[in-house]
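J.: Handing you a structure now.
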Amino acid sequence: MEDEDGEDRALLGGRREADSAVHGAPRALSALCDPSRLAHRLVVLSLMCFLGFGSYFCYDNPAALQTQVKRDMQVNTTKFMLLYAWYSWPNVVLCFLGGFLIDRIFGIRWGTVIFSCFVCIGQVIFALGGIFNAFWLMELGRFVFGIGGESLAVAQNTYAVSWFKGKELNLVFGLQLSMARIGSTVNMNLMGWLYGKIEALLGSAGHMTLGVTLMIGCITCIFSLICALALAYLDRRAEKILHKEQGKTGEVIKLRDIKDFSLPLILVFVICVCYYVAVFPFIGLGKVFFMEKFRFSSQSASAINSIVYIISAPMSPLFGLLVDKTGKNIIWVLYAVAATLVSHMMLAFTFWNPWIAMCLLGFSYSLLACALWPMVAFIVPEHQLGTAYGFMQSIQNLGLAVIAILAGMILDSKGYLLLEVFFIACVSLSLLAVVCLYLVNRAQGGNLNYSAKQRERMKLSHPE
């Protein structure tokens, strides 16, 4: 208990400092009101977790309403997948600029509020596109939504680093990711049901029903905006009481660092892009796939399509702990990519219960994120981390934008079987890149595949 209290005081300033800062009076604040106390930081943590809830809830609105969007807006799958492509396009650039805008232009508090406003406005425009039967307006809404979505995640992480440090931080990141996946899961299972209720209320299906349903979904974005405003107030208050600095991302983006990227880092980029383009576009198109191939009802198809996110919510923190304790990142990535390949092959070539394949995909997706992304920190020096992660997210969004359009074209012209073969090819390329990374890393000393004990020994033998 004494150590924990000491950590709290070191984290955000001493309690004595907090007491003396309020109107100059040396009286103690209550635990809920004292920014240096755990109870207050738990309130802040809950606001941080809900900060991204609306964004993740609304991101997969098109997937949850795939049938309704295509029918009511009279568009084919290629145009439908543009709703995902338009989200990704701005983030090809904003992944480099988001941290800069937060650090140098807006500050963390205003940056979070502004990006939350972009998310809200984008969702409103998206819903208005349905109400006015204007698909171009829906595309515009997704573009505006995308401007805020990814940068809001950067702001969320910046708040986390500002308020929590050391051993707490991994748990906080895990809880934030879990809440994000809960938002995606609730969307997948709620929006179809909500559409049915609105349809019964208005007396018919159509673009108006779709637009009203999407507008109701905007409530989650407004809720997240309220959390952003509350966080800004509490962070400003803590800054005054504890005399602490406003949080910064710590990202230093230098495009000239790209020329120094090594072969292992390039292979990590290839693994990342080829893997995620076989997951997110598949989920975006998955509902109708399960309805057509496996004869699921609309509600059952939504449920199985959301299982990846349901599994990811509790398993991401657990897998993060597992990788931290064991090391061997490349081996875990190899297992994750191989399991994903098996999952897609089962869905493509068998009629086995798809719950098996989707659960396998959920576990492998969660494991890959925990093992792949930390590897970047083992490859590049600390001063290049911002550039490396920014570039990784940028090309990931570029890949998602291009593959979303391509997947829609394949589905329209060739059907789901060839689309699954295409996804299998993407995962196979990712698997090949993992094998190449293993061989290259082995030739260079094998640091990416060190066990946790080996890494600990390396730290002790090379103190900073």
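Cβ coordinates are placed from backbone N, Cα and C, and glycine is handled just like the others.
The following feature annotations were taken from Swiss-Prot:
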MOD_RES   S20  phosphoserine
TRANSMEM  38-58  transmembrane segment
TRANSMEM  82-102  transmembrane segment
TRANSMEM  112-132  transmembrane segment
TRANSMEM  134-154  transmembrane segment
TRANSMEM  190-210  transmembrane segment
TRANSMEM  214-234  transmembrane segment
TRANSMEM  265-285  transmembrane segment
TRANSMEM  303-323  transmembrane segment
TRANSMEM  330-350  transmembrane segment
TRANSMEM  360-380  transmembrane segment
TRANSMEM  391-411  transmembrane segment
TRANSMEM  417-437  transmembrane segment
J.: Is the transmembrane segment (112-132) in contact with the transmembrane segment (190-210), using at least 3 Cβ pairs under 8 Å (sequence separation of 6 or more) as the test?
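T.: These two segments touch.
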J.: Quickly jot the same-chain residues contacting the transmembrane segment (214-234) by Cβ under 8 Å, restricted to those at least six beyond its ends, or write none.
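T.: That would be 35, 40, 43-44, 47-48, 50-55, 57-58, 61, 65, 109-110, 112-113, 116-117, 119-120, 123-124, 126-128, 130-131, 159, 183, 187, 191, 194, 198.
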J.: Counting CB pairs under 8 Å, which listed stretch among 38-58, 303-323, 360-380 touches the transmembrane segment (330-350) the most?
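T.: Ranked by Cβ pairs under 8 Å, first place goes to 360-380.
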J.: Sequence-remote contacts (6 or more beyond its ends) of the transmembrane segment (417-437), Cβ cut-off under 8 Å?
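T.: The answer is 264, 267-268, 270-271, 274-275, 277-278, 281-282, 285, 330, 333-334, 337-338, 340-341, 344-345, 347-348, 403, 406-407, 410-411, 448.
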J.: Against which stretches of its own chain does the transmembrane segment (391-411) lie, if we need a Cβ under 8 Å and a gap of at least six residues from its ends?
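T.: Sequence-distant neighbours of the transmembrane segment (391-411): 76-82, 84-86, 88-89, 91-93, 95-96, 150, 258, 261, 268-269, 272-274, 276-277, 280-282, 284-285, 373, 376, 418-419, 422, 426.
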J.: Can we call the transmembrane segment (38-58) and the transmembrane segment (134-154) in contact, meaning three or more C-beta pairs below 8 angstroms at a sequence separation of 6+?
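T.: When sequence-distant Cβ pairs are counted, the transmembrane segment (134-154) touches the transmembrane segment (38-58), since at least 3 lie under 8 Å.
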J.: So what's near the transmembrane segment (360-380) in sequence-distant terms, Cβ-Cβ under 8 Å and 6+ beyond its ends?
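T.: Residues packing against the transmembrane segment (360-380) from afar: 177, 261-262, 264-265, 268, 271-272, 275, 279, 307-312, 315-316, 319-320, 322-323, 329-330, 332-333, 335-337, 339-340, 342-344, 346, 388-389, 392, 447-448.
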